[in-house]
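To start, the structure itself, in structure tokens.
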Amino acid sequence: MAVAEFVFCWPLFELAIVLLVAPIHAAQRHTASDNPSTYNIGGVLSNSDSEEHFSTTIKHLNFDQQYVPRKVTYYDKTIRMDKNPIKTVFNVCDKLIENRVYAVVVSHEQTSGDLSPAAVSYTSGFYSIPVIGISSRDAAFSDKNIHVSFLRTVPPYYHQADVWLEMLSHFAYTKVIIIHSSDTDGRAILGRFQTTSQTYYDDVDVRATVELIVEFEPKLESFTEHLIDMKTAQSRVYLMYASTEDAQVIFRDAGEYNMTGEGHVWIVTEQALFSNNTPDGVLGLQLEHAHSDKGHIRDSVYVLASAIKEMISNETIAEAPKDCGDSAVNWESGKRLFQYLKSRNITGETGQVAFDDNGDRIYAGYDVINIREQQKKHVVGKFSYDSMRAKMRMRINDSEIIWPGKQRRKPEGIMIPTHLKLLTIEEKPFVYVRRMGDDEFRCEPDERPCPLFNNSDATANEFCCRGYCIDLLIELSKRINFTYDLALSPDGQFGHYILRNSTGAMTLRKEWTGLIGELVNERADMIVAPLTINPERAEYIEFSKPFKYQGITILEKKPSRSSTLVSFLQPFSNTLWILVMVSVHVVALVLYLLDRFSPFGRFKLSHSDSNEEKALNLSSAVWFAWGVLLNSGIGEGTPRSFSARVLGMVWAGFAMIIVASYTANLAAFLVLERPKTKLSGINDARLRNTMENLTCATVKGSSVDMYFRRQVELSNMYRTMEANNYATAEQAIQDVKKGKLMAFIWDSSRLEYEASKDCELVTAGELFGRSGYGIGLQKGSPWTDAVTLAILEFHESGFMEKLDKQWIFHGHVQQNCELFEKTPNTLGLKNMAGVFILVGVGIAGGVGLIIIEVIYKKHQVKKQKRLDIARHAADKWRGTIEKRKTIRASLAMQRQYNVGLNSTHAPGTISLAVDKRRYPRLGQRLGPERAWPGDAADVLRIRRPYELGKPGQSPKVMSANQPGMPMPMLGKTRPQQSVLPPRYSPGYTSDVSHLVV
């Protein structure tokens, strides 16, 4: 069902498409067919030859199918240019516009003035009829507010400013003086030069600046006042736009001031070139085909035909206006045709024909003219269109130019001053600065006065400078012949740029400080200092060739090689030493415990000597552990148990490894070469990832600081070190020496000098950011080439090498450092003094301990003697008491004995009774007696009567009358034989401390 409906509707859809497209197609055919088939081209020409050539050109055009479509015919309508502009206007209306001209080609006699072409332009422009001028070059025709439909196949005069820029770039002139009239064309050429130079110099290296602008009123009578200002200026290159009459006055007065001779450069426009007193050596411009009316007529006709052909193919062209009186006519096709004309770009008889937005001819060729003797004009160059590059190109044969003063060599273009203002800065070893003493009136022969720059203080002149750069300056001034005033940097800085926002400016402007700022602002002529060449500075000042090539390096304090008293401890870290000490005592304790609690630790052989070695105690265990560690002989106090001996073997192995490692590491540590630096260079990971205990810095605002800003890969490092940057290099170097700063990043020349002067400092790693030190000069300075050539000669002659040895490397100091570094790394007393001191400390400790022991022993002996004396006195006192008791007992026994003799008891019975009373058990054998001082004889006398017999026998009792037993006398003798001393009695104690005096 759906398919059937679609088949039924399809014819209706096709019909609708046809009905819609048909009107459009018809309109297109109408557009092409409704365009006029005939086109009238008007001509307002200056002479009959031009009129005839105009007619002939249009006739030939009709046969050129490249420019004329089929069924299109061109016709010419010409009138003669009248000197009266009002008549010209009426002629244009009556003879051209009434004939429906689509465009007008106009020319005039240049001597008759420019008002006639302006009249044609005003009249035609009112009706939007395009006008193509072939001779009018005044700047006024570029104003589209007035000449709304005017084009020209010749460039305006002020376009010669473009050629001036090309010539200045070719001759490398950087400062110029512009002389121009105060009329429209004069001001237009100045504006064109200033505007074009802003974009032109973005593509070239040499930038020309306008030092002075001299504007004069036309129809001069005298130019003397302006010449006075020009003579005081530095530039000697004059760009002049003036009429032929005014140029005669200027050249006349300039010749009187000797400003047209040697050393001066004049580049003038076409009008001035035709002055009858143009000096020899003047360079001027002359437009190619400037007076070829026929060529310009042909080019204008073909440009017009090309535009109409393209317009016919794209849109409908309405008929041109027919009546000047019809003010209501607004011919839009004329405006569109004017836009098509401006977009043309063809190759014609006068060269490449194209137009800018103002309808002015571009790509016009010029001849560079050199004025010779007798006003002869010689072509020495061309400024023409290069079809390969699609742009204009300057070609000048310098060898054919004769400059003012009949010179073949190109002038410098500026007045070269022979007395210069020089600036420097204190930077060792390149510039040393000292203040003069109160009694000094002049500097030393190798010094030069260097007051502070622009300082009115009287003390500012009391400085003298010497050093590498000062010696270079002295030799440089002799070589290229100049005098100078030397001054110090006012703020002590090389200078860096600050971005400032000028009033009314949309972009930030760089403003330089320090030495660079003085040079940029032209307050100084030259900088003689260790000034690093870098892109930021080279954009604003000029540099000579480097007088010293260098780079950036790192300064650090050399790792200490001095031997301390504990050098022998350095092979092991403090932690390891502590662990070893702890291990000794832990092992000793474990050995003691193993030997103490082992069941075999106190085992003795049954038949062993009673003096066999005792078991291991704690003191012996410590002694054993230390003895094994120190590899000393162990004669006693060894472990007895198996478990303790196993641990002892393990400890011996541990001690062997520790001692061997210590010995090897000691040899490597004290004898082998140690690294000279802590850092390996700029790529050291510790710098790239800066740690808290590692500080690095440079000088803020310096060339090194700019280098780190440029390098993206160093951005992280720069952010870290930026806060640590110093104001001067001197402060940073002092902090490196003191250990406050670990790494100072600066120019290699300065750091190598510091390292050669102080053996404690060393540069780390390879150079990076290689550059050089150069002499700084103003942009366009005439001294640049001379200074560069002189420096190159100094390099070739060896003078720069001599300065390096004299000021930077300090040969004798460096040699001493090398001797220090190359000393054989053998062990000496300073390396091992700590060991000897340790032995001395051990000896002193032993002597001290023995003294303490002796003193302590003497104290103990004295105390023991006092105790012995007291004990002896107490024993004597007790003995005396006991003797008295014994005497009493003896007397009692004697009395009893005597009584017994007289009684019925037998003597034997009495003796037995006495013995029983004294000895409850007579069979008990008395133990061994101890003798104490002074009682040996008493003991024998006392015990002799009571000596016991052999076991199993009765005691042997001696009678009083027995020999050897004297009969005691009453009151005089005590019977000592019957009573023992009290200390042999049961319960006796020897404590006599209470008797000690």
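Quick reminder: no glycine exception, Cβ is built from N, Cα and C everywhere.
From the candidate list D485, D747, D758, the residue Swiss-Prot records in the glycine site shared with P530, L531, T532, R537, S703 is D747. Relative to the membrane, S620 and K883 are listed by Swiss-Prot as lying on one and the same side. Here the candidates are N276, N314, and Swiss-Prot annotates N314 as N-linked glycosylation site. Of the given residue ranges 29-79, 947-997, Swiss-Prot assigns the label region 'Disordered' to 947-997. Screening N454, N617 against Swiss-Prot annotations picks out N454 (annotated as N-linked glycosylation site).
Excluding P530, L531, T532, R537, S703, D747, which define the glycine site, the same chain contributes F494, I533, N534, S702, S771, Y773 within 8 Å (Cβ to the Cβ centroid), listed in sequence order. Annotated pair R537 (glycine binding site) and N258 (N-linked glycosylation site), C-alpha to C-alpha distance, rounded: 38 Å.
When the C-alpha distances from N454 (N-linked glycosylation site) to the recorded positions N345, N397, D747 are tabulated, the minimum falls on D747. For the glycine site, whose binding residues are given in the record as P530, L531, T532, R537, S703, D747, the maximum C-alpha distance rounds to 16 Å. If you count neighbouring Cβ atoms within 10 Å for each of the recorded positions N314, N481, T532, the highest count belongs to T532. Fewest other C-beta atoms within 10 angstroms, among the recorded positions N258, S703, are seen around N258. It is 31 Å from the Cα atom of S703 (glycine binding site) to that of N481 (N-linked glycosylation site).
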